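Copied over from TrEMBL:
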DOMAIN    35-69  domain 'ShKT'
DISULFID  Cys35-Cys69  disulfide bond
DOMAIN    121-156  domain 'ShKT'
Amino acid sequence: MRIHCPIPCGFCEKKPATGTTPPPPTIPPISPNDCEDLRVDCLVLVSQRYCKMSQNFMKTYCAKSCGFCFKPPPVEVSTTLPPTLVTNQPLITMWRTSTSLPALTTSTASPAVTPPTPHPCKDRKHFCAHWKTAGFCEGIFMNYMKKNCAASCGMC
């Protein structure tokens with residue numbers, strides 16, 4: 001490496017700076033119409049991560065393979081929120097089975113509370129006993145365990 005690439009590999013002696021060093025040249029993005037690879041080994045260089053390690057070189061010789069030619073279109077961000085509908089009473093829709101009344105009525109009355117159907121007191125999962133010993137009957141998993149491992153957790 002000392003013979004074939006002394007400068008990029010850092011084998012050259014550094015001379016003291018006599019002034020300010022100009023910034024490295026920047027290569028402008030290539031338009032999609034002019035986008036092409038100038039080397040046959042671009043895909044090999046891409047697989048070896050040269051697009052990030054040697055951007056200027058790769059923009060010049062392998063722009064298409066590295067994806068330097070295309071820029072995504074700008075995205076507009078909306079600062080306004082969609083309108084929100086707020087009601088004070090819940091809207092309830094009921095169907096009647098009687099033929100003497102209309103089939104569909106709508107009301108804003110308070111909903112009737114019906115007790116939930118009780119789950120049979122049994123374990124629905126095979127690992128309930130193990131989960132109980134791991135402490136899952138309490139805390140954030142309690143609702144899941146009540147539904148699926150009621151017998152093991154004593155939640156009947």
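Cβ atoms are placed via backbone N, Cα and C, with glycine included.
The predicted model assigns the domain 'ShKT' (121-156) a mean pLDDT of 90. Cys35 (disulfide bond) falls within neither a helix nor a strand when secondary structure is assigned with DSSP, and so counts as coil.
Per DSSP, the domain 'ShKT' (121-156) is made up of 20 helix, 2 strand, 14 coil. Packing around Cys69 (disulfide bond) is summarised by its Cβ count: 17 other Cβ atoms lie within 10 angstroms of its Cβ, all protein chains included. If you draw a 10 Å sphere around the CB of Cys35 (disulfide bond), it holds 15 other CB atoms from the protein chains shown.
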